[in-house]
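Visitor: Sharing a structure with you now.
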Amino acid sequence: PLGPPGAPPRGGGPPGPPGGPPGCEKAQENPLWRSRESQPFARKLGDALLFSGSANEQLGAAVAERLSTRLGRVSVSRFADGEVNIQFLDSLRGKDVYLIQPTSSPVNDHLLELLLMVSTCRRASAKKITAVIPYFGYARQDRKMNSRVPISAADVARMMEAMGVDRVVAVDLHCGQIQGFFGPRVPVDNVEAQIVGLDYFESKDLHKPVVVSPDAGGVYRARKFQEGMVGRGYKECSIAMLIKRRVRANEVESMDLVGSVEGRDAIIVDDMIDTAGTLVEAARELKSKGARRVFAFATHGLFSGPAIDRIQKSALEEVVITDTIKVGGGLGFRV
């Protein structure tokens with residue numbers, strides 16, 4: 001929660017509930033999960049400092065725990081009219097600074113917060129600024145699909161450069177070419193999260209699994225996931241693809257299946273789940289074609305609008321996501 005100007009800074013407040021943030025059962029079992037006060041500050045990062053914006057503080061804390069350090073102190077608050085007020089309470093002069101901030105919903109608020117954090121670090125004489133953006137908002141607007149529309153992903157990249165960022169680390173960008181929207185002075189690392197899904201499904205008793213891409217653009221991602229499943233012992237794992245036609249944004253008209261799923265456990269692999277319209281329709285199509293069970297793995301769980309209700313009523317067995325985006329409790333289905 002964001003407080004008024006002068007509120008206790010993020011990273012320097014009292015410790016959370018015993019065992020870590022609510023809902024982080026796996027983190028509680030991890031011996032690395034300890035209170036911030038017991039962490040030797042910056043033991044592994046040297047002169048580098050790690051900060052988290054307000055978009056996903058749990059992820060920032062988890063990263064700090066894994067690095068045996070703690071988050072730097074930064075105050076992020078709002079004025080009465082909604083303006084963002086940022087103040088770093090640690091000296092940044094000559095430091096390598098890492099800022100963790102997914103630009104998830106509300107996208108514009110979190111994006112502006114990140115831009116101002118980068119600008120603040122630059123004005124405070126930070127040596128190097130790395131923006132860690134687990135979920136890169138506006139990534140779906142990566143080209144002109146119609147006349148008189150922006151290429152928003154490219155414009156976001158230019159704004160980041162203008163604020164003074166030195167490097168960007170993202171997770172499963174919607175389109176890899178977004179890395180090229182930044183100039184050569186700003187390298188972009190696109191970290192793939194498929195290993196998380198592979199680790200999960202390796203432990204399940206799957207029957208002749210088939211990895212399914214929900215559209216033509218995701219075939220490369222599905223192929224890599226399928227190869228990973230084969231490498232983990234599922235030698236019969238194959239790949240299939242759904243071809244969809246859209247009426248308008250977030251609304252699919254029809255789907256055609258390329259490949260066979262009859263009698264198999266299907267895993268739909270995608271980079272994100274937004275309103276879940278495509279996902280639910282894909283699950284219905286796979287079940288109608290004889291799929292034994294239908295699972296879903298996506299890196300980013302946006303769950304916008306009717307997504308949760310749609311998934312609850314769908315043919316999906318399980319939905320598996322990572323924690324790039326903060327997700328509230330009470331979803332009503334297993335994630």
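Just so you know, glycine gets a Cβ as well, placed from its N, Cα and C.
Sequence annotations record features per position, and here TrEMBL assigns compositional bias 'Pro residues' to 1-21. Taken from TrEMBL, the feature region 'Disordered' covers 1-34. For 50-164, the entry in TrEMBL reads domain 'Ribose-phosphate pyrophosphokinase N-terminal'.
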Visitor: How does the model score the domain 'Ribose-phosphate pyrophosphokinase N-terminal' (50-164) in terms of mean pLDDT?
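Guide: For the domain 'Ribose-phosphate pyrophosphokinase N-terminal' (50-164), the model's average pLDDT rounds to 97.
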Visitor: When secondary structure is assigned with DSSP, how many helix, strand and coil residues does the domain 'Ribose-phosphate pyrophosphokinase N-terminal' (50-164) contain?
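Guide: Counts, helix then strand then coil: 39 helix, 24 strand, 52 coil.
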